[in-house]
Amino acid sequence: MAKSVQRSLIAVCQLTCGHDLEKNFEVCKAMVERAGARNCKMVFFPEWFDYIGRNAEENVSLATEESGSLMQSFRSLAKQHHVWISFGGLHNKDPSKPERPWNSHVIIDDEGKTRALYNKLHLFDVEIPGKFRHMESDFHRKGVKMVPPVDTPIGRLGLSICNDLRFPELSLWYRHKGAEILSYPAAFTVHTGLSHYEPLLRSRAIETQCYVVSAAQTGKHNEERSSYGHAMVIDPWGAVIAQCSDRVDMCFAEIDLSYVAGLRELQPIFAQRRPELYTLHVNEEDNENTPLMFSKFPIASESIFYRSGLSFAFVNLKPVLNGHVLVCPKRICNHLTELTDAETADLFVVSKKVQKMIEKFHNVTSSTVCIQDGKEAGQTVEHVHVHILARREGDFGCSPDNLYHTLSTHDRDPQVRPRTQDEMSAEASLYREAMKNI
């Protein structure tokens, strides 16, 4: 039986933005109207669709908030024309740090609601004395976290921006998280665009077996800045299936998810990877607010103060010392050797972060970090867990190693009172806030 066809039409926009936000908006508005008239499911705008300033100071001073009036106008357009929109690089003003806005890739749905927001991780900073200088960090802040792919009407979409294209780890992670389409809104310089733009886009498509969509800036923006253009769509085989030239324009392409699935079945390259030899570790945060299991014991979300993609940290029911917490893999495993390499790496990266926070919070310079791996080692709960304890001079008399005997008997001691949920929630709340500065 033939597979069902899952096709969606998209519009990819190419702009020559200047410093006039209203003028830029009118061009974008006409493009959304054109896309809506062709029943496109989604419209893609390039990096800095809102404006390109004449200097670093203007790039900062003209910035608007993601919740501001400019984006509200676009939200109304999305609702009016029943399209989702990818805004490839908003100068996103942070009121707490207005001196350097984020470079934000924002996805809004056909109701005008924000579905995802990604801040550019890899800023384009190049300085060749006497020849060329472009320091994006002069007017933008680096993003600080990974954002999982977002579900859209055209498929699961991974978000990047321009210079992120040079870093394949991000696209490989998106594929690992289920992406079917990757978006690289761009404002490539003419020099780098001529040599690198299309080869990099095709490489990301081939190695991930994803569609790659790149809306682009083109032409002369001001006396200091020109862009390469050639906005395009690449299919998962690496073929260019739609492209603009070097003027303000749009191109259209069909996204066919059945083609993605068929190609991955034909060439199962991700099933052929060798995780026992190499892996991709990502410091991924999890913002869920649900309970998790510690073996057969539920851990209330109020007791959990940090979550990554594969691990979680929580306060102790019966702490041996003030500043005694636990870190676990999310998957219930009895023994350290049962963890995958990815789980092992994540567990110890999270443990290191938690140790750093604990030492800073309790104003100490020493910690005990240990695993009791099995019953004979003193493990009382059959789920791998790392003990992290803040250590102070004299906390176990003359021998700091007395801790290990205490750990092996502490949980079974009927004289040790379990803490209440309110007590644990209060401590976890303090640690949760402290982790934001790690």
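Note: Cβ is positioned from N, Cα and C throughout, glycine not excepted.
Feature annotation from TrEMBL assigns domain 'CN hydrolase' to 8-257.
Sequence annotations record features per position, and here TrEMBL assigns domain 'HIT' to 290-398.
For GLN379 (substrate binding site), the Cβ neighbour count at a 10 Å cut-off comes to 19, with all displayed protein chains included. DSSP assigns GLN379 (substrate binding site) to coil in the three-state reduction, placing it in neither a helix nor a strand. For ASN316, GLN372, GLY378, GLN379, THR380, VAL381, HIS387, the entry in TrEMBL reads substrate binding site.
Annotated motif 'Histidine triad motif' per TrEMBL: 383-387, in sequence order. Remote same-chain residues near the motif 'Histidine triad motif' (383-387) are listed as 293-295, 324, 326-329, 332-336, 338-339, 347-348, 351, 368-373, 407 (criterion: CB distance under 8 Å, separation of at least six residues from the stretch ends).
The active site, tele-AMP-histidine intermediate annotation in TrEMBL covers HIS385. In the shown protein chains, 23 other C-beta atoms lie within 10 A of the C-beta of HIS385 (active site, tele-AMP-histidine intermediate).
The annotation site 'Important for induction of apoptosis' is assigned in TrEMBL to TYR404. Within its own chain, TYR404 (site 'Important for induction of apoptosis') has CYS370, GLY378 as residues 6 or more apart in sequence whose C-beta sits under 8 angstroms from its own.
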Pairwise Cα distance maximum in Å, substrate-binding residues per record: ASN316, GLN372, GLY378, GLN379, THR380, VAL381, HIS387: 16
Sparsest-packed among the binding-site residues, when each Cβ's other Cβ atoms within 10 Å are tallied, from ASN316, GLN372, THR380: THR380
Taking DSSP states H, G and I as helix and E and B as strand, how many residues of the domain 'HIT' (290-398) are helix, strand and coil? 31 helix, 38 strand, 40 coil
What's the CA-CA gap between GLN372 (substrate binding site) and HIS385 (active site, tele-AMP-histidine intermediate) in angstrom, rounded? 8
Please average pLDDT over the domain 'HIT' (290-398) for the predicted structure. 95
Look up TYR404 (site 'Important for induction of apoptosis') in the DSSP assignment and report helix, strand or coil. helix
Cβ packing number for HIS387 (substrate binding site), 10 Å threshold: 21
